[in-house]
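Here is what TrEMBL records for this protein:
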type	residues	note
REGION	1-114	region 'Disordered'
COMPBIAS	26-44	compositional bias 'Basic and acidic residues'
COMPBIAS	65-90	compositional bias 'Acidic residues'
COMPBIAS	98-108	compositional bias 'Acidic residues'
TRANSMEM	245-278	transmembrane segment
DOMAIN	545-723	domain 'Lon proteolytic'
ACT_SITE	S630	active site
ACT_SITE	K673	active site
Amino acid sequence: MSNDTNGNDPPEDASGAPDEEGELAQEERQGREQRQEQEQERTQPQRQGDQSPLADESDRHTDGEEPADGLESVSGEEEGAEDAPEDESETGAGNEAEREENDVETVDDLGSTVEVDPGVEIDEEIAEDDLLGGLQIDSSDDITVPDRLVDQVIGQDEARDTIIKAAKQRRHVMMIGSPGTGKSMLAKAMSQLLPEEDLQDVLIYHNPDDENEPKVRTVPAGKGRQIVDVHKEEANKRNRTRTILMWVIIAAIILYTILSASSIILGLLAAGVVWLIFRTLRQGTDTIVPNMLVDNGEQRTAPFEDATGAHAGALLGDVRHDPFQSGGMGTPSHERVESGSIHKSNKGVLFLDEMNTLDIPTQQKLMTAIQEGEFSITGQSERSSGAMVQTEPVPCDFVMVAAGNLDAMENMHPALRSRIKGYGYEVYMDDTIEDTPEMRRKYARFVAQEVERDGRLPPFDREAVEELLLEARRRSGRKNHLTLLFRNLGGLVRVAGDIARAEDRDFTTRDDVLQAKDRSRSIEQQLADDYIERRKDYELEVTDDGAVGRVNGLAVMGEDSGIMLPVMAEIAPSQGGGEVIATGKLKEMAEESVQNVSAIIKKFSDVDLSEKDIHIQFVQAGDGGVDGDSASITVATAVISALEDIPVDQSVAMTGSLSVRGDVLPVGGVTHKIEAAAKAGCTTVIIPKSNEQDVMIEDEYAEMIEIVPCDNISEVLAVALVGRPETDSLVDRLKSITDSAFDQPVGSNPSPQ
Ligand SMILES: Nc1ncnc2c1ncn2[C@@H]1O[C@H](COP(=O)(O)OP(=O)(O)OP(=O)(O)O)[C@@H](O)[C@H]1O
């Protein structure tokens, strides 16, 4: 491979690549001064030692002209080259100046993590309590959106600082976290922070010595296109001359045939032979035009390549198959070479989400590319003629940003992970962030960012922005926190904006956001609602009566959809050794919780469990099954009810995990679960006391249901079991067992039935 800064040296030979390795590695850290020196060198009129890629061809100097080995040699002489800049230094220097200007913007202020000025007055006095942190705005239009992507990132301070650091040092980064938290946004932001002065174009040349090993040459960005144009012009010129010559000869043959009254057939045959000869010559001429493999001419920042889900060819480059490869009929191999994402991201960022979806051989090749900083392109399909072709090494000096969830990390090739770890950083993305006035101001800016990014949405009025903020709070599932799952929040912005846009309004309002919330329900939410409806059809709805061994449990489908999931327990005589048998679509975790619960039951009940089998069924557990052990207080209550024959209030629903000591432990998704219980018609819902602060239900549900936080199973039983006269004594006994068993006061009965 030849790394030519002036764009005129031909590739010397195929083995030149190793000499250039060090040069390539150094180039990435070359400062502007060095580049300017190179620029000067480039513009020097003397081209001693320059040699055109065409020089190898024996037939090229037919008209005694100088070879078209670069811009200068042609710009003054060739008509077609007039369109190209007169002096390459002009273009180069222009780009250089622009790039220097950009450097000031992007590189000099790396490391700034201060709040970006929203361009709006902030009322500090009300900031603490104000939903928008004191921002004095009428609509999202009043907020200034920062230019740089890195300044648009909200939260994720650690990831953001890491990206800034990694861009400075050209290190790889792995970001692990939930979808939509900004991983690809940060990777893109990183590409804007990398210096673009090192950008290169890559050209592939025909190798006259070995057709199957095309030569590679790198030139400064923008120069490649000029070189290709010059070569194309040269080839066209030669072809034009040849075509004229061919028609003159053909005309002469035909004229001679007519004048000499020879056989017309022989004349046509002779003309055909001439045509074939010239056609073959034309193909030879076409091989002088290099293939522009990587074109960074228009690139204003370091490249960003998202190779998520790319197959091997798209990632590592490929050589197209040519069915006419023999007999000089085929397309020259250098023209069939296609670059991969690793080559296009040279000097920039290669982003790979869900890295584990790449097969192992591809991951291994990626590792080689990372290690070497260059990678030859060959046909990826073994049976294709492209597999015979292997180019000289092509530069691929990228910074890799790998992303995914925890599974992606576990299934990643360990050696590849160690490359990232050894030469870069690993960051875990946050799902929520503390709700502070500064953060609320940033969320308001997020709305402005999304509106601007979409380009067609009407701005959000103040109330609409406030509603979005409330939704961000609600979706966080944690008191005093805001969700960082921005993609979903951005979806809500777009749906709300679309509603306003469809009605041709100037602003998106709070009503639009509320409507959007309903319209943009996730599949899981829609399923959950459908499920609740269906349960009503089958008369499985909540009643005020008590039922023995039946408890309304609560579960979450997907991330944000609550569902009511009744649990039934039945006690049966055992055939030998009491067992806990769980039916329904239980997942492993739920089965474990059943085991834990059985330990508690043994303490609570005076029935000899060794003589009984306890059957537990999760009624209508859909495909989602039961996640985690958030159903363990439900199971415990159902079993105790069945054992003691005490009915459970069917207007009560519950969620909570149970420790072996009887403590009620926190669970996830309480807000969604409470809302599901309310929707299903329950009037009371039991939640773990430690989850009390996570409750952020909508106002409409707050009126429908009473929330009872409980610390201990005894409190749960006090609320859930129905105290009919004939069972009162049993209830009291259970309560006293609970109190003594766990040595904890029941305290004031939160809401006895
Ligand atoms: N931290 C953030 N600050 C501002 N906007 C964000 C942030 N995170 C995400 N967004 C918005 O959400 C969109 C989607 O985010 P992005 O594609 O970066 O998420 P991701 O983590 O890469 O998701 P995935 O893993 O599913 O690819 C972004 O284009 C941006 O508009």
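Backbone N, Cα and C define each Cβ position, glycine as well.
Counting every protein chain shown, the number of other Cβ atoms lying within 10 Å of the Cβ of S630 (active site) is 29. Long-range Cβ contacts of the transmembrane segment (245-278) within its own chain (Cβ-Cβ under 8 Å, at least 6 residues beyond either end) are absent. When pLDDT values are averaged over the domain 'Lon proteolytic' (545-723), the model yields 79. Rounded to a whole value, the Cα-Cα separation of S630 (active site) and K673 (active site) is 11 Å. S630 (active site) carries neither a helix nor a strand DSSP state and counts as coil. Listed in sequence order, the residues of the same chain lying 6 or more apart from K673 (active site) and placing their CB within less than 8 Å of its CB are L554, A555, V556, G562, A653, T655, V685, I687.
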